[in-house]
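Trainee: Below are the structure tokens for one structure; questions will follow.
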């Protein structure tokens, strides 16, 4: 609706509003340019008067029913632009509401000065329509009454007085007032204003200017524009003073400032008048804006002083109305504490009492983080919309984390879906460690410190269900296993090297808590073949065959060479070299046969010792070792004998010369006794000792080496 005329009762200031809503900040007269029959209904809503028209439009007059401290209230007048008739709605918003036909607005203006001014422009409009006669008569209290042309007087006009003019007063002029001058006001002077002086202005002094002082000058100085203008947000979680360019969720913010006392402030949104307010005696004014639509608004003001001078517009205050709530998303939670780090899923466990919470929101928005209904804190989203927050240490147990987002306008989102998190900082107990041998003849559970021929034994134990068990060999990680629902776990390592191993475990639960190391399980892996070392000491076959072959080859032939010749050589010791040489030739032939047999026996001895070396060392390591010491001494003499026989085989004379030289030195004194036993008895004992020597070498690992030396020989 256009051209809604509003007159402030206290000051008489007039302004025009376009739109379907009028915001009154003080008691005023509202003039609507509509016919009575265009109104469908009147309704009171709080302090507002709501008019519904038959064309479907609605006009709301805000604060219409507010009464000031003097008992003054606002009034509504309808003007029929076709006839110029003014209809005053009395008792608006009540069951007794009715229309009264009035001649001018002075009847509804509480202060005389304002009423006179209003009457002036009302009558001016009526004169243009040529229907000034419509203002004659008294108020018609009938809600449905209308002006009738049939009156009870005798003149030909339609008014009820007895004169012939067309107005309803009793004087003879044609204006509608009761004085006898020809102007349209009710005073007795002939000017057209409503005061009683003779000048043409509407003030009460006798000068011709428009101000109310008694001098003849005209006050045309423009007032100063309103200053210290502020806009206050009074709605939602973000309240207080706004700045130009801000966003608010308050659709009816308060605007206030300072200006000349008694002046009228007109508030604009762009070029639309939102309302007016009168500056108080202290120079302060305040105005609550009508409900603003979503979007951007440019607020400004003008100041109208009592003389009617209007200031320039104040600088525009840009304000954006935003009542749309932002969206909130569930936070992302990150574990920053070993053993498990990284993003968590809702429902997870963590040993991090201060995990990082993060997410995205509208840039500049305030994110509030909750644990259940407890506020953990707030954070501002950056220009890229990202935010991050680290809470104070969370208690052991379950937590339900969520967020809300408050945008710059103060709109608050719904709660985000909850992120369920359990904080668990309890260290899990260590797992028991059991080692099982699965290879060879002896299998089963091993004891700590055991020796095993299984280089991939099974390691097993129990732990918290779902926990990760880490298996160590010393400080080397062999691998990991996950405990099942029953808490049991099992692990088979890669092949362990021969030697000692120190096995242990740690347990890491789902929250990342790590146990201490379990007690060490000592294990020795031995993959050597027992049967071989046994076979070395098998004195059985050695003693059986070696001793036989030795006795076969016989040192008899050796002794043939011999002690006889030796003893001869002893007695003849000095000549013995001759006899030795004789003996040599004898011994050579003997020695040849001996060497043949010796080499045979030697080769036999080798093969025997090898085969024997593997079967028997276990059978008699102890008993034979005793015989070793005996046989060793024999064996030495045997080896001499053997080497002799070998050398005989090579150069018979060598053995002879050896024996000769030996016998020489020996024969000096001992030739007799020596030759008696040395060669003869030795060689005899050699055959014995050979068998002993075999048994020696077979008796143990020591005897193996003996056996080797035997076999070498």
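Here the Cβ of each residue, glycine as well, is placed from N, Cα and C on the backbone.
Model, not experiment: these values are computed from the prediction.
Pasting the relevant annotations from TrEMBL:
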- 1-121: domain 'Biofilm-associated protein BapA-like prefix-like' (DOMAIN)
- 140-252: region 'Disordered' (REGION)
- 150-220: compositional bias 'Acidic residues' (COMPBIAS)
- 230-323: domain 'Bacterial Ig-like' (DOMAIN)
- 324-353: region 'Disordered' (REGION)
- 329-425: domain 'Bacterial Ig-like' (DOMAIN)
- 343-353: compositional bias 'Polar residues' (COMPBIAS)
- 434-526: domain 'Bacterial Ig-like' (DOMAIN)
- 440-460: region 'Disordered' (REGION)
- 445-460: compositional bias 'Polar residues' (COMPBIAS)
- 496-713: region 'Disordered' (REGION)
- 527-713: compositional bias 'Acidic residues' (COMPBIAS)
Trainee: Which sequence positions outside the compositional bias 'Polar residues' (445-460), separated from its termini by at least 6 residues, show Cβ-Cβ distances below 8 Å to it?
Mentor: 433-439, 471, 488-498, 503, 521-527
Trainee: Summarise the model's confidence over the domain 'Bacterial Ig-like' (329-425) as a mean pLDDT value.
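Mentor: Reported value for the domain 'Bacterial Ig-like' (329-425) is a mean pLDDT of 92.
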Trainee: Under a Cβ pair cut-off of under 8 Å, which of the recorded stretches 230-323, 329-425, 434-526 contacts the domain 'Biofilm-associated protein BapA-like prefix-like' (1-121) most often?
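Mentor: When the Cβ pairs under 8 Å are tallied, 230-323 comes out ahead.
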Trainee: Go ahead and report the DSSP secondary structure tallies for the domain 'Bacterial Ig-like' (329-425): helix first, then strand, then coil.
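Mentor: Counting residues by DSSP class gives 0 helix, 47 strand, 50 coil.
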Trainee: Please list, for the region 'Disordered' (440-460), how many residues fall into helix, strand and coil according to DSSP.
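Mentor: Helix, strand and coil residues of the region 'Disordered' (440-460) number 0 helix, 8 strand, 13 coil.
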Trainee: Give the residue counts of the domain 'Bacterial Ig-like' (230-323) per reduced DSSP state, in the order helix, strand, coil.
Mentor: 0 helix, 49 strand, 45 coil
